[in-house]
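So the structure is just underneath, and the comments pick up after that.
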Amino acid sequence: MDTTNPINANARAFSADLDIRITDSSLRDGSHHKRHQFTREDIVSVVGALDGAGVPVIEVTHGDGLGGGSFNYGFGRTNEQELIKAAAETAKNAKIAFLSLPGVGIKDDILAARDNGGQICRIATHCTEADVSIQHFGYAREIGLETVGFLMMSHTQPPEVLAKQARIMADAGCQCVYIVDSAGALVMEQVSDRVSALVAELSGDAQVGFHGHENLDVGVGNSIMAIRAGAQQIDGSTRRFGAGAGNTPVEALVGVCDKLGITTGVDFFKMADAAEDVVAPMMPSECLVNRDAMMLGYAGCYSSFLKHAQQHARRYEVKTADILLRAGERGLIGGQEDQLIDIALELQREGRLESA
């Protein structure tokens, strides 16, 4: 790898002391579960606990990234730039990351996030649309941010397709490309095969990461498979605080890594305390592997659809699971939340016809 090339200058191991770097997404992915109602006080308490436990990266934004507050996604209670600033002011050692989706967040949002203390810009696209992120990576690197790329809904494409998309991101300046299991649909070798393909394609030009969901209850196992396949960055959320059944629980992942001799730099006991004493009390409910959440993983449906589908199911008196199954069959992706209403209405009509 040519580290003299500014595009690849930081595409190398981030620490000689760590085997992997964990990013906690409780304050971004967890925003979906909390319906984007985080307060400044929430941010300060969680960041303080996670930073104290040694979590190296903490992600903070609206669940759908910078500028995500909308009628389609749901409006945030607190301006996300204020949340990023509060996180950066609280963290003593952890880096603050933020998410941006091309077409949702804009250039000014990224600059403001940096000015408010964000250090890592994570750009997310659908896994076949990496080309829409090229300008974003270039700009983020230009203003001094570390960059991460998300290939969302990675279960929908084979390893070789994902590898080509990862190459587009890396060539644009992305320093770590993630396999993102947005639906929690991947299981075991399906994860390692995809991670291995990216590792082989990028050949050190960028790191590889994995972002899992617990919808089929294999988040920790999938993350270990990713690590063994060469992933150097792993996402999770404390107490599974995320969309659907939540993300890989960081406290459990750290415990498993300790037992396997994988160095994370995170204190297991302090993470367990943070999960129980700080994060759990602010969650509206536990993130459970229940019927609806399992349907997300089984059908391959975007995890953040869960709350929307539950709302429409109540309104139109249909089953949430049926909405999610049909959304999965149609291959809906993030940004198509409005189509869940159409599906609910279809199911309502079909139910009336059957009972007529």
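Every residue gets a Cβ built from N, Cα and C, even glycine.
Since this is a predicted model, take the numbers as computed values, not measurements.
Per TrEMBL, the candidate among D29, D42, D51, D64 that belongs to the Mn(2+) site alongside H211, H213 is D29. Substrate binding, as stated in TrEMBL, involves R28, D29, H211, Y302; the candidate among S182, S192, S285 given for that site is S182. Cα separation, H211 (substrate binding site) to R28 (site 'Transition state stabilizer'), rounded: 13 Å. Cα of Y302 (substrate binding site) to Cα of R28 (site 'Transition state stabilizer'): a span of 16 Å. Rounded to a whole number, the distance between the Cα atoms of H213 (Mn(2+) binding site) and S182 (substrate binding site) is 7 Å. DSSP assigns H211 (substrate binding site) to a strand in the three-state reduction.
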